[in-house]
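What Swiss-Prot annotates here:
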type	residues	note
BINDING	Arg153, Leu154, Tyr155, Ser156, Cys174, Val175, Arg176, Tyr180, Ile195, Cys196, Ser197, Thr237	FAD binding site
BINDING	Ser156, Arg176, Thr237, Val269, Ala270, Ser299, Arg300, Lys309, Gly337, Leu338, Glu376	NADP(+) binding site
DOMAIN	93-221	domain 'FAD-binding FR-type'
TRANSIT	1-62	transit peptide
Amino acid sequence: MASALGAQASVAAPIGAGGYGRSSSSKGSNTVNFCNKSWIGTTLAWESKALKSRHMNKIFSMSVQQASKSKVAVKPLELDNAKEPPLNLYKPKEPYTATIVSVERLVGPKAPGETCHIVIDHGGNVPYWEGQSYGVIPPGENPKKPGSPNTVRLYSIASTRYGDSFDGKTASLCVRRAVYYDPETGKEDPTKKGICSNFLCDSKPGDKVQITGPSGKIMLLPEDDPNATHIMIATGTGVAPYRGYLRRMFMEDVPSFKFGGLAWLFLGVANTDSLLYDEEFTNYLQQYPDNFRYDKALSREQKNKNGGKMYVQDKIEEYSDEIFKLLDGGAHIYFCGLKGMMPGIQDTLKRVAEQRGESWEQKLSQLKKNKQWHVEVY
């Protein structure tokens, strides 16, 4: 997920709003002071294995095959002791200089556009929680404000607090390269490309990157009930925070968090080649069939019940009875992705509610009151 600072979430509240805290079960007595920037995580004595993606020789921190056999030990466990999430440790005027570890293409050749998985080394100095965002300041001068640095762009973090290396020293971003094509000529106009996304996707290992944050509370994964149900709805790179949730639930061995509930992911993309982290998610489906469900809406390959393109709201309608029953039982529902996805989803939910003899306005109000409704769109 990416957005300009100040235009991050446009539905219920800004990303940092809502006062949505976190309480974790079985927390230790020691507390990490997130306000102290000198805190550095303990080095993890565990070497990760390589995973080749279905599209190219892409290296991740461990293999899906290993994850299927046993969960991965993570360190430092003190990252789970804090009672409140870290917030705005680094601000735009004083960003933290991190280092690019790797940049890998996530999508196949038939995907419209390019999406990259970018691992950043912050040395344990910019800790975060699942569901938060980093700000990135691309190098150069703001074209609209000569003499000023470029505007901060916010990206949802696509890893757990322990990072893809499981040592608390890295964070991963899921970034779609923003390009502009002239509607008349059909040719790409490099002068109008996304400054930050292209900087990140063009980065090389060892390059420096200025980051701010972490920011955001509304998409934090509530952990007070380890048996809760979480319904996650995403389009494209909106899947980023959910990857962090799911790795925490199913991949990592965190003594203070043992997930026993249901995680249900709905992902909408153009086609099969556009699927993001599909191999990871499919592995969870195979290994935890009682705790994970995974439904895809491929708009260029699938048809909805009316013969039109299959969008994520069509999948929601298909399973609407189950979804509403789960919400009535206290399930959390999350939306992350393009701002344009929300009107169609809201219309679908309203129509389904009316068919059930319910008022969607009242139901939505109750979901927000109960802190079951989480939205981050851009």
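The backbone N, Cα and C atoms fix where each Cβ goes, and this holds for glycine too.
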*Near Arg176 (FAD binding site), which binding-site residues out of Ser156, Thr237, Gly337, Glu376 have their CA within 10 Å?*
Thr237
*Which state, by DSSP, holds Arg300 (NADP(+) binding site): helix, strand or coil?*
coil
*Can you tell me how far the Cα of Ser197 (FAD binding site) sits from the Cα of Thr237 (NADP(+) binding site), in Å?*
12
*Specify the secondary structure state of Ser197 (FAD binding site) as given by DSSP, simplified to three classes.*
helix
*To the nearest whole angstrom, state the Cα distance for the pair Glu376 (NADP(+) binding site) and Tyr155 (FAD binding site).*
11
*Averaged over the domain 'FAD-binding FR-type' (93-221), what pLDDT does the prediction give?*
94
*List the helix, strand and coil residue totals of the domain 'FAD-binding FR-type' (93-221) as derived from DSSP.*
11 helix, 47 strand, 71 coil
*Per the record, NADP(+) is bound by Ser156, Arg176, Thr237, Val269, Ala270, Ser299, Arg300, Lys309, Gly337, Leu338, Glu376: how many Å separate the farthest pair of Cα atoms?*
28
_Surrounding CB atoms that lie within 10 Å of the CB of Ser197 (FAD binding site), all protein chains_ = 24
*asked:* Just to verify a number: CA distance, Ser156 (NADP(+) binding site) to Cys174 (FAD binding site), in angstrom, no decimals.
replied: 8
*Which of Ser156, Thr237, all binding-site residues, has a Cβ with the fewest other Cβ atoms inside 10 Å*: Thr237
*Among the binding-site residues listed here, Arg153, Arg176, which has the most company in the form of other Cβ atoms within 10 Å of its Cβ?*
Arg153
*Of these binding-site residues, Cys174, Ala270, which scores lowest on Cβ atoms within 10 Å?*
Ala270
